[in-house]
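> This is the feature table in Swiss-Prot:
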type	residues	note
DOMAIN	9-248	domain 'ATP-grasp'
BINDING	K50, G57, R58, G59, V106, E111	ATP binding site
BINDING	N203, D217	Mg(2+) binding site
BINDING	N268, G325, I326, V327	substrate binding site
Amino acid sequence: MKLHEYQAKGLFRDYGVSVPDGIVAETVDAAVDAARRLEEENDATLFIVKAQIHAGGRGKGGGVKLAHSVEEVREHADNILGMDLVTHQTGPEGQTVRKILVTEGVDIDQEYYLGVTLDRETSMNAIMVSTEGGVDIETVAEESPEKIQRVWVDPSIGLRPFQTRQLAFAMGLEGDAFKQAVASIQGLYEAFEENDCTLAEINPLVQTPGGDIEAVDAKVNLDDNALFRHPDLEEMRDLHEEDPTEVKAGEHGLSYITLDGNVGCMVNGAGLAMATMDIIKLAGGEPANFLDVGGAASAETVEAGFRIILEDPNVEALLLNIFGGIVRCDRVAQGVIEAAKNIDIDVPLIVRLQGTNAEEGKRLLDESDLSLRSAVLLKEAADEVTAALGED
């Protein structure tokens, strides 16, 4: 789950990270009121109007504008709200802007990068800093990796004071700015760890001419599997920013990710799902989705899975690959039969059932009047996919 910038900034502020004052707005009038409030309470004379979508590269796409007056805020808000903002992370269709953040402007002397993420190779948390702030850290890592400094934090020990100082030194800071950077690093790490984040990022973290350290942007990704421990964060979820098909799948307890291929697949277990996608590619097709029905597959979830997959007009064949451990194959087969009664399955259907009650499941399918192709081995399933695509 991703947070909007304004939500991430609010979270960071709770952990002592200095963040410029800002107010979120959903209408032009609300944006103007926000600017006037910042003008009155903070003596702000410079404003930044920022589109709130779950994607980077907003500035290059026209979603971040500088305003020197309240009237300019009105003009920019009118242009940004409702626009389909296209960035390198949204795809060509873009994302509709429904909210903007109006913040007071900050004079910038130097930009830095600060981020915390999970390093799966070491099973530790990695904190990264760079003097190349304000640009994609991936670009810096590729072109100038020596400009990124990292420390790894063992979760069983926690972040040590010498590590925060090491990072602040790597940023080239001294004096009060050094102390503020140490506090920002400590606060960001605590926010990351205590809220089960997979990523907490400030890009850029800036130093003002007066030597203050401010987080002028913020990004947070949360671990979906830990959201039950953070109901306050789960309430921040913005379904408008997520794939509607994936949201619908989640409502049925299905793990679904849309892909660009032509073969739909329904599988139980993430490992088997990835192996199935490999099989589809070897067969000459491209997977149209990742769909894991999990360990509690029922007739209802199978039918929901079929509906979701078949909504994709690019699907030319459908492979159902089930290994029955906790899942009973006869229950899945019954789900297929029930789904076929309620849905027009107008593409070739290949079914592979192995494991618990597989023979009973095959019997149910054989005795039904469904037009489908059965497979026992993965290779057979691949051959059937090849044949189905060749007939199209």
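Cβ atoms here come from the backbone N, Cα and C positions, even for glycine.
Values in this document were obtained by computation on a predicted structure and should not be read as measured data.
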> Around K50 (ATP binding site), how many other C-beta atoms are within 10 angstroms of its C-beta?
26
> Between K50 (ATP binding site) and N268 (substrate binding site), how many Å separate their Cα atoms?
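With the alpha carbons as reference points, the distance is 41 Å.
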> Give the sequence-ordered list of residues that share a chain with D217 (Mg(2+) binding site), lie 6 or more positions from it, and have CB atoms under 8 Å from its CB.
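For D217 (Mg(2+) binding site), the qualifying residues are E5, I202, N203, P204.
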> So what pLDDT does the domain 'ATP-grasp' (9-248) average out to?
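Mean model confidence (pLDDT) across the domain 'ATP-grasp' (9-248) is 95.
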> Taking the binding-site residues one at a time (V106, I326, V327), which has its Cβ surrounded by the most other Cβ atoms within 10 Å?
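The residue with the densest Cβ neighbourhood is V327.
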> Of all the Cα pairs drawn from N268, G325, I326, V327, the residues the record ties to substrate, which distance is largest, in Å?
10
> List, in sequence order, those binding-site residues among N268, G325, I326, V327 whose Cα sits within 10 Å of the Cα of V106 (ATP binding site).
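Within 10 Å of V106 (ATP binding site): none of them.
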> CB neighbours of G59 (ATP binding site) within 10 A?
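G59 (ATP binding site) is surrounded by 15 other Cβ atoms within 10 Å.
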> Taking the Cα atoms as reference points, how far is G325 (substrate binding site) from G57 (ATP binding site) in Å?
44
> Please give the maximum pairwise Cα distance, in Å and rounded to a whole number, for the ATP-binding set K50, G57, R58, G59, V106, E111.
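Pairwise Cα check on K50, G57, R58, G59, V106, E111 gives a maximum of 19 Å.
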> Please report the Cα separation of E111 (ATP binding site) and I326 (substrate binding site) in Å, rounded to an integer.
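E111 (ATP binding site) to I326 (substrate binding site), Cα-Cα distance: 52 Å.
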> Please work out the number of neighbouring Cβ atoms within 10 Å of the Cβ of R58 (ATP binding site), leaving out its own Cβ.
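Other Cβ atoms found within 10 Å: 22.
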> Which of N203, N268 has the fewest nearby Cβ atoms, counting only those within 10 Å, among these binding-site residues?
N203
> Over all shown protein chains, what is the count of other CB atoms within 10 A of the CB belonging to G57 (ATP binding site)?
15
